[in-house]
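Visitor: The structure is given below, and queries will be raised subsequently.
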Amino acid sequence: MAELEGLEFGKSDFVLLDEVTMEQFMENLRLRFEKGRIYTFIGEVVVSVNPYKQMDIYGKEVIEDYRGRELYENPPHLYAVADAAYKAMKRRAKDTCIVISGESGAGKTEASKYIMQYIAAITNPSQRAEVESVKNVLLKSNCVLEAFGNAKTNRNDNSSRFGKYMDINFNFNGDPTGGHINNYLLEKSRVVQQQEGERNFHSFYQVLRGGSDELLKSLYLQRDPAEYAYTSQGASASNNDSLCHKAVMAALKVIGFTAEEISSIYKILSTILHLVSPTLNALEDYLLIFASVFLSVCGQCCLTSTEAENARKTLLYRTVATGGGEVIEKGHNEKEASYGRDAFAKALYERLFAWIVGRINSVIEVKDYNPALHGKNTVIGVLDIYGFEIFDNNSFEQFCINYCNEKLQQLFIELILRQEQDEYQREGITWQHIEYFNNQIIVDLVEQPHKGIISILDEACLTAGKVTDTVCLDSMNKKLGQHPHYTSRKLCPADKTMEFNRDFRIRHYAGDVTYSVEGFLDKNKDPLFQDFKRLMYNSSDPVLKEMWPDGKMSITEVTKRPLTAATLFKNSIIALVDKLACKEPYYVRCIKPNEVKSSMLFDDGRCQHQVAYLGLLENVRVRRAGFAYRQPYARFLQRYKMTCEYTWPNHLMGSDQEAVEAIVNQHGFEDDVAYGHTKLFVRTPRTLFTLEQERSALIPILVLFLQKVWRGALARMRCRKLRAIYTIMAYYKCYKVKAHFWEVERRFTNVRNMADYGKSVEWPTPPAALVQFHRITQHLYRRWWARQLIKNIPPSDMAEVRAKVAALSALSGERVDWGYSRAWERDYLANAKDSPLTSTNFVRITKELKNKDQYSQILFSCSVRMLNWFNNTKDRALLITDKHIYRLEPKKHFKVQKRIPLDSVVGVSVTSGSDQMVALHTASQDDFLVHLQRGQLNPNQDRVGEMVGNFCLENNETFHLEHKLASNSKIFISLKGLKFNSLKGYCQRPGNVLLYGSVHQHF
C-alpha cells in the first residue's frame, strides 16, 4: 500500500510512521490534508478529514478501482472500508457494521452517503428490478431523513439532529433485499427554540421557499420564514431550500408515499408553524387571540381534520380526572398555554418524524423471507450518529448525545483495544501491553443504576411535590461529589466558569463539558397534556390518527407511568451497542480540521484534541504492536489449502495447525506470523494479500477442474439415461408393433365369413414404424378382397368387368354416372331390342366390313348425332372395332362415310356431366365430336363410360393411358403421352358449355 502513493503525500497508513508520537501523527495528518489526501488508514480503520469542498474522488471510475479489491490494494478511501465490509459479509457470511464517529461537522453524514452509494453501485450486476427498487428506496431515504432530521448549526450547515442506524439485508448472492432504520433522540426542542445563528429543521424552510404557490395557498402559508416564530431566526440563511424541496418530493414518491400521505405531512408542518405568531407575545389577551387566530387557520382549512370546538378547548383548557372519577376542565393561564403549545409542537414533529421512519421501514423491510429457500440472510449495518458536542449552552440534548458518544467510544475500546490484547494473552502470543484510557468510569457516572446521573434525574421526576432543576442539581452534588469526572460550582467554588445552582461539568473522554441544568427535568419528563393526544387521535386524517395511538385511552383510565426520556434513550443506546458488538466492525473516524469551515486551514490544536479523545494514537500502537489478521486454523486451512501441495485437497497431518504451518512455510511467511492455541496470527496485510492473490489465481483452475469432473459425471448420467430411454423406446416400439398386429388380427379374423369380405371393417391407425408396412398390407388385402369377388364371376363376364375397371381408372371418379351399374352390350346397333329397325341391316354391313378390313371384334357401336362446322346436327352411326373407327350413314344402309385407323386416335374428351358428348382426337388433327344416342333398350342409360372403358381396355397394351381434369367441366384422356394445344368450334348444351375442334393447344 505504501507503494501506491509517493512520499510527498506522507504515509498512507499511520502504522508506517517511524515513531508513534503525537507530533509525527499530526505532521502526517496535516501533510495529507494540505495535499488533498483526506483519507488515511490505521490498519482497517479509516481516518477521514472533512475537506470542506467538493472532491472528484467518488465517480464511477473510482468505484470500479475499488470493487473487489483488497483493503491495501488501493490508496485509503471510504470505498476501501465499504468494500472490505461487503467482502467479509459475502465471503464469510458474517454480519458486519461500519461505525462512523466524530464530532459535529466532521463529515459523518456525507461519509455514510458515500458508503451507501458504493454498496448500491457494486451490487445487483444482473439489474433485477426488485433489487433495484430496494436500492433506490435505501438511497432516497437519506434525502428524506436529512430534510426532516437535519438542521443548520453554528458548527455544521447540515448537522444530523438525530441518530441513525441502518441495517441493509443481503441475500446469498450479495444483493440487497431490504433494510431497517433505527432513529435515536431527535432533537425536538429545536422545533420551538434554536441557539443564535442556527436554524430549525430543514423541512420547514424547504416547504416555505420551495413549495408551489398552490401548495402554500392550500396550507395558508406565507413564503417568508420570518412570518413564523418557529422559523424567524433562520429566515436570512438559505441552504438551497427550493432545490432540496423538489428532491424531497421526488424521493417521497420513489419510496412509495401516497399523495394523501405527502399532503398530510405538509399539513402537519403547516399546523406547527401556525401554532404561534411573533406578533401575539406581548398582548394581554394572548389566550383568546391565539386561539382565534389558530382556529381560523387550522380549523377552517382543516389542516388537522379536527373539530374547531375541540381544538379550542384543547388549547385553552386541560381536562383532569379526580380520584372519584369526576372529570373537570381547568383553564390555562398564559404560561401554561404557551408551555402546552410548545410541548404539542415538539411532540407533533417528533411523531411525524417517527412515522416517516416507520413508513420507510414498511417499504424496505425484507418480506416473505425463508432461509431454507433463499439462503442465509446477512447484514451490513451503517451507523451515522451525532458526534460529540460542546456548545456555549449545553442542555439535556447535549448530555444525551455525549453519553451516546461515550458508549460508542467504550465499544471501540472494547473491540479494538481491550479485546485484542485479551485475545493475545488468551492465545499465548507474546505481547507488549499498550496503555489506554478506559472510559467505563464515565459511562458508569451517567448510567449506573441508583447512582448515575440518569437515575438521579428519574428519581427527581418521580418525586411528589415541587421538585426543581436546582433541587436535582443539589442531589447530584451530594451523590456524585466524590466522583473524579464530575464537578459543579458548589463543589469547586473557585471555578468561575460555572454558575451557582445552574451548571455542572463532566470530564468526558473528549474533553470537559459544562451543562446547564435548566430544563433537564421537563425534558426528561417530556410531558404532554392528554387532551392533545385525544384531539389528534380523533382526527379524520388517518396519518394523524396513526401517529397518536395512545389518544384512544379514556381520561379516567389509569395507566402505568411512562419511562422518562433519558431512560428510553439509555435503553436504546444499550440495545444499539449490543447490536454492533455482535457484528464485525469497521470504523471511519471523522476529524473536523477547523471551526470556520475552511478548505485551507488546519487547526493543530483542534485536530490534536480530536485525535486524542478518539484514541487514534492508541489505535496505532495496538495495530503496530499486534497482528492485522487472525483466523482459526480450520477456517484458514479451508480458505487457503489449495495454495499448498501438502494440504490439497485434504491433508494427512496430525492437526490443522501443522497443515497451516505447511502452508506458511511453503510461502516463506514464517517471520510474519505467530501461532496461537487455536488461531493463526498474521502481522502484515501484505502476507494475507499475497495468499489471496495466489488463491484467486488458483480458483479458476479448480473451478475448471470441478466443472470438467462434474460435466463428465453429468454426461455419464445423461448417457445412462439415454440408453435407458432407447431401451424403453425399443421395447415400447416392439409392443406397439405387436399390439397393431394383434388388433389387425382381431378385426379381420372373420372377414371370410362376412358378406362384404371385411370391406366395412375399419383399419386401426398404425404406429409410425409400420406406416409403409400398413400400406402394403392394405394393398394386399384389397387384392385379396378383389380376388374373392372376381373368382365368383363367370369367365364370360370378365371382359365386361375389365372394361368397367378400365373406365373407372380413366374417369377417376370425375364423372358421376357412367353406367357401371348396368350390363354393357357393346354392339348396340346389332341388338334387335335396342335398334329393332336397323339391327339386321347393320349386322350385314359389319360382316362385310369384317371381311374387308379383317378386324377381330367390335368394341362399341351406337347411334350418334354429329355437329358440323355450321352448327348443324346430323344422325350417324359410330362403329369402333379393334382396327378402325367408322362413321356410318344409317339412312343409306350404313354407308361408310369416314374410316379412321384406331392407332391414329391419341385422345378422348368427355364431360363430367350426364350428357353423352364425346370428342375423338387424332394425330392428324382431324378430330370429330359426337353425341351418343340412347336406343330402345333403355332410353336413360349412360353409354359414355362403356365406350371409354372398351376403348381403353382394347388399347391398354398399345397406348399409354393418361388422364387429367382439363377444367371444371371437361375430362381429357390422353393416349401415347401426346399433348394438344387448342380446340376449334364449340357445342352448347343445357348445363354444359364445351369447346371442341381441331386441337392446337392442350386444355
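Cβ from N, Cα, C; glycine included.
Note that the structure is a prediction, hence the values are computed from the model and not measured.
The ATP binding site annotation in TrEMBL covers Gly102, Glu103, Ser104, Gly105, Ala106, Gly107, Lys108, Thr109. TrEMBL lists 9-696 with the feature domain 'Myosin motor'. What TrEMBL lists as domain 'TH1' is 813-1003. Residues annotated as region 'Actin-binding' in TrEMBL: 573-595.
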Visitor: Near the region 'Actin-binding' (573-595), which residues from the same chain, at least 6 beyond its ends, have a CB less than 8 A from one of its CBs?
Guide: 29, 33, 42, 44-50, 52, 78, 81, 84-85, 88, 94-108, 111, 115, 155, 165, 182, 184, 379, 381, 383, 387, 403-404, 407-408, 410-412, 414-416, 447, 601-603, 606-607, 610-611, 614, 616
Visitor: Far apart in sequence but close in space: which same-chain residues, 6 or more away, have a Cβ under 8 Å from Gly107 (ATP binding site)?
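Guide: Residues satisfying the criterion: Ser48, Val49, Asn50, Cys590, Lys592.
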Visitor: For the ATP site given as Gly102, Glu103, Ser104, Gly105, Ala106, Gly107, Lys108, Thr109, which other residues of the same chain have their Cβ within 8 Å of the site's Cβ centre?
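Guide: Once Gly102, Glu103, Ser104, Gly105, Ala106, Gly107, Lys108, Thr109 are set aside, the remaining close residues are Asn50, Asn156, Ser159, Gly387, Cys590, Lys592.
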Visitor: Give the sequence-ordered list of residues that share a chain with Thr109 (ATP binding site), lie 6 or more positions from it, and have CB atoms under 8 Å from its CB.
Guide: Glu146, Asn150, Asn158, Ser160, Asp384
Visitor: Taking the Cβ of Glu103 (ATP binding site) as reference, which residues of that chain separated by at least 6 in sequence fall under 8 Å from it?
Guide: Arg155, Gly387, Phe388, Glu389, Ala510, Cys590, Lys592, Gln610
Visitor: Taking the Cβ of Ala106 (ATP binding site) as the centre, how many other Cβ atoms fall within a 10 Å radius?
Guide: 26
Visitor: Quick check on the region 'Actin-binding' (573-595): DSSP residue counts for helix, strand, coil, in that order please.
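Guide: Taking the region 'Actin-binding' (573-595) as a whole: 9 helix, 8 strand, 6 coil.
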Visitor: Just name the winner among Gly102, Ser104, Gly105, Lys108 (the binding-site residues) by count of other CB atoms within 10 A of its CB.
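Guide: Most Cβ neighbours within 10 Å: Lys108.
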